[in-house]
Amino acid sequence: MSAPILRKLADLRAATAGWKRAGESIGVVPTMGALHDGHLSLVAAAKAGCDRVVVTIFVNPKQFNNPEDLAKYPRTELADASKLAPYGVDAIYVPDPDQIYPEGFATTVSVSGLTDVMEGACRPGHFDGVATVVAKLFLQTGADQAYFGEKDYQQMMLVTRMAQDLDIPITVVGCPTVREASGLAMSSRNMRLSAEGLERAGRLHPVMRQVAERLAAGASFGDLAPGAREALGAAGFVDIEYFDLRAADSLRALDRPTEPARLLVAAWLDGVRLIDNIAVSQLND
């Protein structure tokens, strides 16, 4: 059965108030729509962990620093609702823009430190937009748990820190990246790739796995990175914005995985910006 689509905050709060009175836990899955199996895995995790589940769909203009990217972002509300129907979610919150950013809205949530590198450095203002809208969605839904994919690892860390710092009583649950058979991380942006582009994009993950394996065997990232960038270039990737080894908890740059670490990348292929990351096994002392 299809879940109700709610566009007004008052309607959302009426629903969640009833659930809370009944002592039911609420999970939220924030999305920008164009749902794929990665999103649906978050919905399944939320259903398993909470009594009630709200999926939010809002293409947030404040997190796009490129107007053309915003204009191209797919809007597929009816298809999204159809994909959610088998999961039995309790509400789909598709807020009208003025429910998020009413006239006179003047507040921005900014998280320093974690946002100074990688996505934050490449997309100025992006994470301020993310933190602001996610803070609003956390507060509007009153959810107990929020589900985010590890594909957007830096974003997941950002919203976790934001909720902690602002004393928002919610637990951020990270869920594994869902991948295509080729290893390509599922993303709404993938639908903009041609068939040939999808094939070439599938070469990103094997390059990352090879680097991770050699790091775990003791090689230094400084020695491996040039070859990895060359391999990505040969696959058709251009403008590799970052290819970094970072500490998993602080995003501090590393040369060897002497602590829990992630390998993270952002690069362009056929006019589409792709990001990915994987865990790297920690070296033994």
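Numbers run from 1 along the shown chain.
Cβ coordinates come from backbone N, Cα and C, glycine included.
For reference, Swiss-Prot has these:
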- 32-39, 149-152, Val178, 186-189: ATP binding site (BINDING)
- His39: active site, proton donor (ACT_SITE)
- Gln63, Gln155: (R)-pantoate binding site (BINDING)
- Gln63: beta-alanine binding site (BINDING)
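Leu35 (ATP binding site) has a Cβ environment of 23 other Cβ atoms inside 10 Å.
In sequence order, Ile57, Phe58, Val59, Asn60, Tyr73, Ser188 are the residues of the chain that are 6 or more apart from Met32 (ATP binding site) and have a CB within less than 8 Å of its CB.
Classification of Met32 (ATP binding site) by DSSP places it in coil, neither helical nor stranded. Neighbours of Gly38 (ATP binding site), defined as other CB atoms within 10 A of its CB across all chains, total 23.
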